[in-house]
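Asks: I grabbed these lines from TrEMBL:
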- 209-290: domain 'RCK C-terminal' (DOMAIN)
- 7-27: transmembrane segment (TRANSMEM)
- 47-68: transmembrane segment (TRANSMEM)
- 80-102: transmembrane segment (TRANSMEM)
- 108-128: transmembrane segment (TRANSMEM)
- 140-165: transmembrane segment (TRANSMEM)
- 171-191: transmembrane segment (TRANSMEM)
Amino acid sequence: MLPQDYYGLIVILGVILGVMGAFYNWFTLYVQSLYKKIPKIATFGKLLIPFIMAGILGIVMPDVLGSGHNLVEELTSHEYIFGMVVLIFVIRFIFSAVSFGSGAPGGIFFPLLVLGAFIGGIFGMVGVKVFGMNPDYVNNFVLLAMAGYFTAIVRAPLTGIILIFEMTGSVSQMLSLSVISIVAYIVATLMKSKPIYESLLERLLEKNGEPVHKERGEKILDQFSVMFGSPVANKAIQDVQWPENCLLVAIQRGGEEIIPRGKTILRPSDVIVTMTDERDSGAVYDKMENLCKEHTSHIF
């Protein structure tokens, strides 16, 4: 638990995360726009760009590839010097946007948590050098930054707080998690940065020629666990009749994030992350619960 004297640093970090989150959203959409400006390149050609980058990084810095779980572990073990932490953050930031913009599988849900962790690590190291902060608290800022960065990008503070709370299993960080998430949320909102999934949904609807509704309220993220015997268990996504106005954002499976695609098979214990409009959230939640919960048949 962080001492009260450090809450000023938490607010400063929250402001930084709000700005960085807004920049992340802008940069991700900007890279997507760059890909669209070169329509002559086929889908294979677009996928070739991140593939080549991955090949180069696999030779030069193989540790930056993958989910990033190992990077966070090494960061919290204080195995990196300051310059290396900054370098890894910059490379992961650019590579994440280039990969996602091309349409390559990988998603942004887990990568943004890793980026947030490294922002927290950088801030913590600077705090030790500049503000004389106790090095033992650097890892606290790593966890806090994950929640704040997630909130700034997705604009779902409660989800970010609960997500990090589940990772740590400790209630001692709840106040600091709440403070940093609220500050990051306010800063990103003041910068007029739309939630990333809302922007991506609007672009998808426009691409498919569907109307984009502007008056449906905020976008809501929910998580649903696929139970054994549920209607969606062991079925392909394309074979399920999903609720109207419901976007499947990600599938979490065994600590990894899977991009939802038509042929993706849903397995029991998968966690489905969905997004919908605030106006439709109640109906969508009820239908998703019914799809994911266990259905049993009784024989009389």
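Every residue gets a Cβ built from N, Cα and C, even glycine.
Where in this structure would I find these features, and how exposed are they?
Replies: Through the fold, the transmembrane segment (7-27) approaches residues 93, 97, 112, 115-116, 119-120, 123, 127, 131, 133, 141, 144-145, 148-149, 151-153, 176, 179-188, 190-191, 193-196, 199 of its own chain, all at least 6 residues removed from its boundaries and within a Cβ separation under 8 Å.
Beyond the ends of the transmembrane segment (108-128), by six or more residues, the same chain brings 9, 13, 16-17, 20, 24, 28, 67-69, 71-72, 75, 80, 82, 85-86, 88-89, 92-93, 96, 100, 134-135, 137-150, 153-154, 163, 196, 249-250, 252, 256-257, 273 to within a C-beta distance below 8 angstroms of the stretch.
Sequence-distant contacts of the transmembrane segment (140-165) (same chain, six or more residues past either end, CB-CB distance under 8 Å): 2, 9-10, 13-14, 17-18, 20-22, 24-25, 72, 75-76, 108, 112-113, 115-117, 119-121, 123-124, 127, 171, 173-174, 176-178, 180-185, 187-189, 193-198, 218-221, 223.
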Asks: If you run through the domain 'RCK C-terminal' (209-290) with DSSP, how many residues end up as helix, strand and coil?
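Replies: Residue counts in helix, strand and coil order: 16 helix, 27 strand, 39 coil.
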Asks: Give the nonlocal contacts of the transmembrane segment (47-68) in its own chain as ranges (CB under 8 Å, at least six residues past its ends).
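Replies: Same-chain contacts beyond the flanks: 74, 88, 91-92, 95, 98-99, 102-104, 110-111, 113-114, 255-257.
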Asks: In the same chain, which residue numbers or ranges, 6 or more beyond the ends of the transmembrane segment (171-191), come under 8 angstroms Cβ to Cβ?
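Replies: Same-chain contacts beyond the flanks: 1-2, 7, 10-11, 13-15, 17-19, 21-22, 140, 143-145, 147-149, 151-153, 155, 157, 160-161, 164-165.
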